[in-house]
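Before any comments, here is the structure.
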Amino acid sequence: MPRSNSFSTNMRIRFPVLAILLQVIIIILFGIFVRYQPADRWSEPSVNIGLYPIFQDVHVMIFIGFGFLMTFLKKYGFSSVGINLLIAALGLQWGILLQGFWHMASNNVHNTIESMITADFSTAAVLISFGAILGKTSPVQMLILTIFEITIFVCNEHLVVNVLKATDTGASMTIHAFGAYFGLAVARLLYRPGLKNGHPKEGSVYHSDLFAMIGTLFLWLFWPSFNSAIAKSAGEQQKAIMNTYFSLAACTVTTFAFSILVEHRGKLDMVHIQNATLAGGVAVGSCADLDILPVGALLIGSIAGVISVLGYKYLSPLLASKLKIQDTCGVHNLHGLPGLLGGIASIIAAAVQVNSNVSVGMQAAALGCSVAIAIVGGAFTGLIVSLPFLGQPPDQNCYDDSVYWEIPIQGGAPLGSNIDYEEDPSKLTVEA
């Protein structure tokens, strides 16, 4: 458990050395292994340029959707968007390599647009985990976590897809449940007793919530592309798009309804609207390309909205007080619980034989393995990133960009008025 006198937040040497070292290693590995797809295979559907629009939709979700969704913290917008960019840029390179190693041909990793999409998927798991520990980690810690998590993620993905032969086209289990429980395990290892009663900077203001809503809208609009990107056929891709479309719509309606229902003053809570409206896209992922019919998608989305709102309202406080898991963004409610729901829905779909090639046992094994590997892998990674020399901020400086970023100054005060930065940045605890 970190102590306040063990923190050293100066990144001048540690971050550049680690970042450059990792990039050099990746450059060397790319030079040895990575090649373009052979010219005689460019006509295959999997490498057709027609995938580029879907790739770009997924790319927008990774860099804009996830990034802006986390800008709700009133003093952590730079880090939410900026570190999101850093994680994704490093992660997609590492993901290309590791996922390619499972499918090498002639000792080469052949890069295609499809492999770029799956590399983006691997970074999505890390960004979900990032949400659980948002505001409490350093850039150095996030570099290390990215490398470890993608390595473990790729192994679990190979187990689920290639060994168990489970269906998880929209990755409810392999990305969302995995990323959420990995992040929660890390958060448990990084537990801070000093934050158990909250933190003055762990909150939003009007415009930070509005920025976060931008992320929500980008994610909501492009989620059908995410869930259909790696579908095996045009027919399955079309079903994935439609099922996600209906699930998101139903989820949004139930989210608004239950947000008003559970709030004691009968008003909408922006936390619910920013997050729970997306739970339908998460939950329908494992069934996205199956013959669940539009009514099945509507049912899954409706349930996802309900459990996500209830999770934010009642479960998150229990996780913090009873299990000592401080989940900043509530990833358990947006990705964890809906991811479990998606896995269970795929088991039910297999049981009623909506598709003959889907096995109940394999779907159940895939869900169990994804959660178990995530928790064990997250705990191991949490032990690594909790080392006291990795630059994590002391409790009083959590959720504050000023620790690691230059903040614009105007007239002796932070730019934009004291609403966001009422403190003098010189008072921050930054040790050499």
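Every residue, even glycine, has its Cβ placed from backbone N, Cα and C.
What TrEMBL records for 25-385 is domain 'Ammonium transporter AmtB-like'.
Look at TrEMBL and you will find 12-34 (among others) tagged as transmembrane segment.
Annotated transmembrane segment per TrEMBL: 54-73 (among others), in sequence order.
According to TrEMBL, the transmembrane segment annotation covers 85-105 (among others). Within the chain carrying the transmembrane segment (85-105), a Cβ under 8 angstroms from the stretch's Cβ atoms is held by residues 19, 22-23, 26, 29-30, 33-34, 62-63, 66-67, 111, 115-116, 118-123, 126-127, 130, 139, 142-143, 146-147, 150-151, 154, 157-158, 162, all 6 or more beyond its ends.
Sequence annotations record features per position, and here TrEMBL assigns transmembrane segment to 117-135 (among others).
Residues or ranges marked as transmembrane segment in TrEMBL: 142-161 (among others).
If one looks beyond the transmembrane segment (173-191) by at least 6 residues along the same chain, the residues whose Cβ comes under 8 Å of a Cβ in the stretch are 1-2, 121, 124-133, 136-137, 145, 149, 152-153, 156-157, 160-161, 166, 282, 285-286, 319, 323-328, 331-332, 334-336, 338-340, 342-343, 346, 366-367, 370-371, 373-379, 381-383, 385-386, 392. Summarising the annotation, TrEMBL assigns transmembrane segment to 173-191 (among others).
Within its own chain, the transmembrane segment (203-223) is flanked in space by residues 57-58, 60-61, 64-74, 77, 244, 248, 252, 270, 273-275, 277-278, 281, 419-420, which lie at least six positions past its ends and keep a Cβ under 8 Å from the stretch. Taken from TrEMBL, the feature transmembrane segment applies to 203-223 (among others).
What TrEMBL lists as transmembrane segment is 243-262 (among others).
According to TrEMBL, the transmembrane segment annotation covers 295-315 (among others).
Under 8 Å from some Cβ of the transmembrane segment (335-352) lie the Cβ atoms of residues 128, 166-168, 170, 172-173, 175-181, 184, 279-280, 282-287, 290, 292, 296, 300, 303-304, 307-308, 311, 315, 358-360, 362-364, 366-367, 370-371, all in the same chain and six or more residues away from its ends. The feature transmembrane segment is assigned by TrEMBL to 335-352 (among others).
Feature annotation from TrEMBL assigns transmembrane segment to 364-390 (among others). Within the chain, the transmembrane segment (364-390) has long-range Cβ neighbours (under 8 A, six or more residues past its boundaries) at 1-3, 6-8, 14, 129, 137-138, 140-141, 144-145, 148-149, 152, 155-156, 159-160, 164, 166, 168, 173-174, 177-190, 340, 343-344, 346-347.
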Segment-segment contact (the transmembrane segment (12-34); the transmembrane segment (142-161)) at 3 or more Cβ pairs under 8 Å: yes
Overall pLDDT for the domain 'Ammonium transporter AmtB-like' (25-385), taken as the rounded mean: 94
Intrachain neighbours beyond the transmembrane segment (117-135), with Cβ under 8 angstroms and 6 or more residues off its ends: 51, 54-55, 58-59, 61-62, 66, 69-70, 73, 76, 79-80, 83-84, 87-88, 91-96, 98-99, 142, 145-146, 149-150, 153-154, 157, 171, 174-176, 178-180, 182-184, 186-187, 190, 201-202, 229-230, 325, 327-332, 335, 378, 398-400
